[in-house]
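In what follows, a structure is listed as structure tokens, so that the remarks can point back to it.
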């Protein structure tokens, strides 16, 4: 699908002309940092919506508390109808280390995922290679690289920004030009090419499965039968469609678990985290944290030398994910 991404610097946009030119997807800048809101985001949204274009929003990530930045973005776009994944635009280091940048992206993404939103990461090829680690490479990728027919990256991607100086009917100046797959859409599946060896996305998935299922998969970036079987096992535990594809729902379930939410009878409901806890402690897996699950958690905690309170906090999550 042909796409563009725009912000207030574009000036006025004739969205009907944009659509007639063959564009299907429009990404609109909504926010940046802790407080900045793009002055045209709502006007652009209304215009694109009226023209029948598919709409997504992006946030330009700075070096602040990532949860606060995510909250600012979420509050800004709340109530608006999205066709495409929320994009986290990360492209400057701002004096941060690889781990700091990746942690910020992860926390921003997890905040939105826990709010029920689909997310993707936008960045440049070199930034992706040099400044992001494996903790965020399971997130759908929208990659930018100019002057090439295909980005020079060994990873699956749902979007490719191939120009920042394109010409589009309906926009007076230059525009960013993109090509998107169906994976950019809300609920869209990121299909992994099993013939692509050494894919960083697949390596990240294999690492996640080894942590979650203690499977001992070889982290080789190749989706063979063992990796597919592990994905299916995880999907079954999560109550998802068992198709062996690491799509949005499967990735979202894993991301909720890795966010390590405080979970227990008297705490907010996290279905996927609860299912994982039930699976690990030997409780009936139904996604509801009831008294039976609490008793199983308490017994497991006692066996691990933890305080047996039946509440899954940071110490219990550490045992579940980091040690056992």
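Using the three backbone atoms N, Cα and C, a Cβ is placed for every residue, glycine included.
Annotated in Swiss-Prot:
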type	residues	note
ACT_SITE	5	active site
ACT_SITE	91	active site
REGION	212-324	region '5 X 23 AA tandem repeats'
REPEAT	212-234	repeat '1'
REPEAT	235-254	repeat '2'
REPEAT	255-277	repeat '3'
REPEAT	278-300	repeat '4'
REPEAT	301-324	repeat '5'
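Residue counts for the repeat '1' (212-234) under DSSP (helix as H, G, I; strand as E, B; rest coil) come to 12 helix, 0 strand, 11 coil. Under DSSP, residue 5 (active site) is assigned to a strand (E or B) in the three-state scheme.
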